[in-house]
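Copied over from TrEMBL, here are the features:
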REGION    1-35  region 'Disordered'
COMPBIAS  12-35  compositional bias 'Basic and acidic residues'
DOMAIN    69-111  domain 'Inhibitor I9'
DOMAIN    132-580  domain 'Peptidase S8/S53'
ACT_SITE  D140  active site, charge relay system
ACT_SITE  H205  active site, charge relay system
ACT_SITE  S529  active site, charge relay system
DOMAIN    636-733  domain 'Subtilisin-like protease fibronectin type-III'
Amino acid sequence: MGRSSCSGLLDMGREKKGRLTVESSEEGRGRKRETGQIGSGVELYLIGDERHGPDDGGVDLKFCDGVDSKLYSYTKSFSGFVANLTTEEAQKLKGMEGVMSVFPNENKQLHTTRSWDFMGFPKNVNRTTFESDIIIGMFDTGIWPESESFNDQGFGPPPKRWRGICQESSNFTCNNKIIGARYYRSNGQLIGQGDFDSPRDSEGHGTHTASTAAGNLVSGASLLGLGLGTARGGVPSARIAVYKICWSRGCSDADILAAFDDAISDGVDIISLSVGGLPKDYFKDSIAIGAFHAMKNGILTSNSAGNSGPSPGSVTNVSPWSLTVAATTSDRKFVTNVKLGNGELYEGISINTFDLKDKMFPIIYGGDAPTIGSDPADSSLCLAYTIDKKLVEGKILLCDMALDGEQQLATGAVGTIMQDTAFPDVAFSYLLPASSLGLKKVSELKHYYNSSRTPTATIQKSIEGKDKLAPYVATFSSRGPNRITRDILKPDLTAPGVDILAAWSEATTVTRDEGDTRIVPYNIVSGTSMSCPHATAAAAYVKSFHPTWSPAAIKSALMTTAYPISVGRNTDEEFAYGAGQINPTRAINPGLVYDAGEIDYVDFLCGQGYSSEFLRLVTSENNSCPQTTKKLASHLNYPSFTLSSKSKSVRTHVFPRTVTNVGSPMSTYKAIVNAPAGLKIEVIPNVLSFKSLGQKKSFLVKVTRLKTKMDHIIISGSLIWYDGVHQVRSPIIAQVYS
């Protein structure tokens, strides 16, 4: 059996006597690097301590034969290491004293300016001078430092508390806007063609997310004329620290943990991470582990919810100490009209920068142009190698499925019209003139195609339209329920993530596909990767007004002041949008916050079944779980309320909560309850009176889901604490699951 790599997060706490001294053999990495190669079976091991002998209470790694077992260590903000092990050695390691967790070092995937104005967050919004001291850690594909979005004109030196570095190279330098940059590549892992062995971005994704969060104001920005206007981030005065964890082949768990280790030590204020994988046990998930230690150090981690919607239970990054962000539309959409030879005009969806000058071209249906031996059912979908180039060249190809355009371009088509029923609310860029139409419009177009002797069409350049139904959650945005802890609502909230114009890497093209020659400084992209940095910026904005607030307080402020979303386009309700769409201007003055700290999350983890010994390894504190009653997940002081049950019969649950007054010193809040049919909600007491800032008041919310014959997956209500000025709103949901 071949050797894989093991890595270990150790006790993940404060520095301890006897810990191995780590020396950097690579400039700026801050961790000892050993020889050795990581193969395709890389495994990550999270260990109790890195002291090497059993006599001093550490983990004995002598069974890892060969000096190349260990690859590198995490030592700054938590403890851990990566090493090569066989599967048998990994199993042996799992059973050793002090081992916290063992899991494979897998690759996670990326989740991919008008939006700020649409949220009611204009460029002249009230700001503090402290915004320029806020440091956002961007964990992504790197950055394109020459972009005007990162020009440091007018910026002073980095904040004095900044302890990070810039891993400069022949093709990369930092400035007073991009104040730090690191890159991570698991030892021996080959980079892909076009990747830069530096913090420079070759993919575009990291540049886009960084400029969305904290890019400068850049007038005249557009994608080849589309979306023309001023591009800007939510906190344009903030500083950016780049942690390149992702390459063309994905984002390694080992590198994600290394970035957390550095970023916490460097002194970032907020971490933005538009990356994810399948939902996992919290301490077999590198992002949840890193975010836990960030939380311990007062740093909120903002995560994308994933792009696997609208499937139920697809939401990822679900740890309660992180902020999980879904994606909504804004009121701007891009439409691409298809004009037929009979004069009919069909409004389709795409981002089409190509201009055919209204020239008409013959239409050919993929099902009528199969290669010899191909099934017309396959060629109707325009699948690779099923289309006869001789029949298609110079024509507009009609396909029954939306593809990326590579297949159509390879056939010699001048354009393509595609049927797309999967993503009717998001526009994509293609390699050639393209427009996506719904089923009804494609059926009408086929009728014209079949009834005309010489059917022709042209595809016009995209134009901006108005989406009057916005905001609503995009089809692709991952949905709840939370499959790891059902009594914690995820996603937490939502932010714009559809058709977002932001900076782009000029080392790649608009689509990043082979055959695309369009190199642009700004691009229009969609995904929860784009919504996440919106929430990151909103969190940074709140922190600029309240530098001492905990990550939970900032998260609470964002959730309880969010705009409620209409259920008209989102029948999955809070499982789609959480508490609602972020409203940064209200979030700086939420009135009350639901605060929580490390001990609250430890109590939560006790209730999830983690042992006292395990939690001591995690926290480096002498924490222990109660021997009698353990707290339920629903008892965590969370800004939302979730009642889960497998039974449709009557069920009652009591949620204890505590709020902290951050509004007016002398204030009285009254509970306003919205309880739809099927829910009974009682708040005890229903009036909270405060006499000072920082004062805490506790209350109970008694929720009863009444017996019903309805098959609703979710019934939702809300609780609002109102003092005449502040409305502190929390969603209350009841779900039945099988």
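Cβ atoms here come from the backbone N, Cα and C positions, even for glycine.
TrEMBL does not curate its annotations; it predicts them automatically.
Mapped onto DSSP classes, the domain 'Subtilisin-like protease fibronectin type-III' (636-733) shows 0 helix, 60 strand, 38 coil. A simple way to gauge crowding: the CB of S529 (active site, charge relay system) has 30 other CB atoms within 10 angstroms, across all the protein chains here. When the Cα atoms are compared, S529 (active site, charge relay system) and H205 (active site, charge relay system) turn out to be 8 Å apart. Rounded to the nearest whole angstrom, the C-alpha distance between H205 (active site, charge relay system) and D140 (active site, charge relay system) is 7. Counting Cβ atoms from all protein chains shown, H205 (active site, charge relay system) has 27 others lying within 10 Å of its own Cβ.
When averaged over the domain 'Peptidase S8/S53' (132-580), pLDDT in the model lands at 94.
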